[in-house]
Amino acid sequence: MDVAKNFPLVIILILFIGAFIMPLLKNKIYNKAFSLMTIGISSVLSLITLVYVNRYGTFLYRVGHWDSPWGIELSIGILEAIMSLLLTSVAFVISWYSVYTIEKEIKDNKVCFYYTLINILVGALLGIVYTNDLFNAFVFIEVSAIAACGIIVVKDKKENIKATLKYLILSSVGSGLVLMGIAFIYSITGNLNMTFINKELSQTFMAYENSILISLGLFTIGLGIKSAMYPLHVWLPDAHSNAPSTSSAMLSALVLKAYVIFYIKILYRMFGEEIISQFPILLFMVLILGSLGMIMGSILAILQKDIKRVIAYSSVAQMGYIFFGIGLGNTIGLVSTFFHILNHAIIKSALFLTVGSMIEKTGQKKLFALKGIGKEMPITLGLFTVSALSMVGIPILPGFISKFNFAIGSIKGGKSIFVVVILISSLLNALYYFPIVINGYFGEENLEGKVFKSKEKTIKELMPILVLIIAALILGASSNKIIEMISNGVEVF
Amino acid sequence: MNTIVLIEIGKILIPIIQIFGIYVIFFGHLSPGGGFAGGTIIGTSLILYRIIFGNKKAAKKLGFKRLMRLTCGSLIFYGVLKGYSFITGGAHIHAPQISLGSPGSILSGGYILPLNIAVGIVVAITIYFLFCLFYEGEI
């Protein structure tokens, strides 16, 4: 069974090499099939890796012929395996949906480049998740930033170019800060491998307190920009609302998450709990910014008039939850952060895809124009409703479980006051999701002149969203097992 | 730009630039240089060709499809070769590797030379594409 140790590297290779086979294929249909095939194979391999890791424990894999302080190393534990399964399978479902709709949003000659970019993006994100080497992670961060910009600008409209430039500039600032943080750490420890850095730092950190604090700050802000921590989220609404809906789903569900994983790795694998506890201000700041994001993201979402911007701002709020969990600084906080990452990736991609199909069929983006949509597209709005309920946190759905765990975490961490923040944020969530649903299904004047099921998509095209919703339900129903698995993973992280 | 001086000088200059670029790529593992530097040099020669002879003649020799095929081919070659090296190294398989050769000769350094050639091709074409996109808006 040792063959399974090669799978993470094989996945990255398949995705990257597959990306460059695509421009050589003549037909769009081959492109789509090939992209689906490569991402599908990688999700199967991720599943096998997860099973392997679950049985035999974490393993390190050296890349190339040199051992770890010199060569690059991948480190695959349960959390990495879960994340890679999540990334590849959600990317697979989103690409499956895009097969039916992508020509309606982007030009025909760009289709092959779109799938090339998707493959590169997923590969780079997996690289960030797997790697145990700081500089390797930085390279993958840059690759993913460029690929992410690519899938926004591929629509080739004026506002897309503007949003992409904004994203490109801010995300370059972010990666610049990360690089500076790496430079600080490298000059202190002389290593780029996270395990070795941890060894060096645990002996000498007292001598370099300021440098360590500065580099911690640089990593926090740099990765905060990339994963839309609250006051640094300014690029997100433009980028996510202007991109093609499959790209928005990909960006919101996957791209933001990989950087969070990298951040957690930096905090707990590289610096270690001992050093982090020396600087309580850092986690407290993350906690405060997370709570601010939870509330302000929701308030800003209420003020929006464009349905895609509502969901984009909702992403800011949900990233707030994720940073909130990191900021709690205890095991339960981290576990619920991971669970929320799973939950948000699945639910948010379902939301973006349903909204994308509403916009595609009606041609309207504004909230007031989408009133009465429930009569024209009842199944689509039904799927939207289930996802919205999960976002708000109705029991059985995964959103409830992650919020419940966040609450438990904040009580156990002695920060019970923050339970109020979670409650307020949930109520605010309800305030912007429910009007869309209620105005969609009910109201005499809303439903006037609408024909039942007149704009509904075929069941074949709705299947991907249905799969996502079913996955969310399974995630909610079997949350005990999954949380147990994640806590096993967090212990050996 | 159809001046006779430009064309005649271009005819002499372009091959020299290209030979220098190839030299930089092929000696990348022995001296300063390598795939990226050599690739840019070859890329400038392609740009010069396009400026001097115009886009119609350039499109005949440097068609978009042909260059795209070349780039993707090199990238796939790079991925497969390096992936082979990575996996045989990571899994501790004693599979045949490219020999290291005698130090100082061109055919030495194992994987570096073939990978440098692939990088050089990709960089040359990318530089050319970038120029075309900014200069005329199309390739």
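The backbone N, Cα and C atoms fix where each Cβ goes, and this holds for glycine too.
Residues or ranges marked as domain 'Na+/H+ antiporter MnhB subunit-related protein' by TrEMBL: B:9-127.
The transmembrane segment annotation in TrEMBL covers B:12-30 (among others).
The transmembrane segment annotation in TrEMBL covers B:36-54 (among others).
Summarising the annotation, TrEMBL assigns transmembrane segment to B:75-95 (among others). Among residues of the same chain six or more beyond the transmembrane segment (B:75-95), those with a C-beta under 8 A of the stretch's C-beta atoms are 111, 114-115, 118-119, 122.
Sequence annotations record features per position, and here TrEMBL assigns transmembrane segment to B:115-135 (among others).
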Same-chain residues at least 6 beyond the ends of the transmembrane segment (B:115-135) with CB under 8 Å of its CB atoms are 21, 25-26, 28-29, 34-36, 38-40, 42-44, 46-47, 50, 55, 62, 67, 70-71, 74-75, 77-78, 81-82
Could you give the mean pLDDT over the domain 'Na+/H+ antiporter MnhB subunit-related protein' (B:9-127), rounded to a whole number? 91
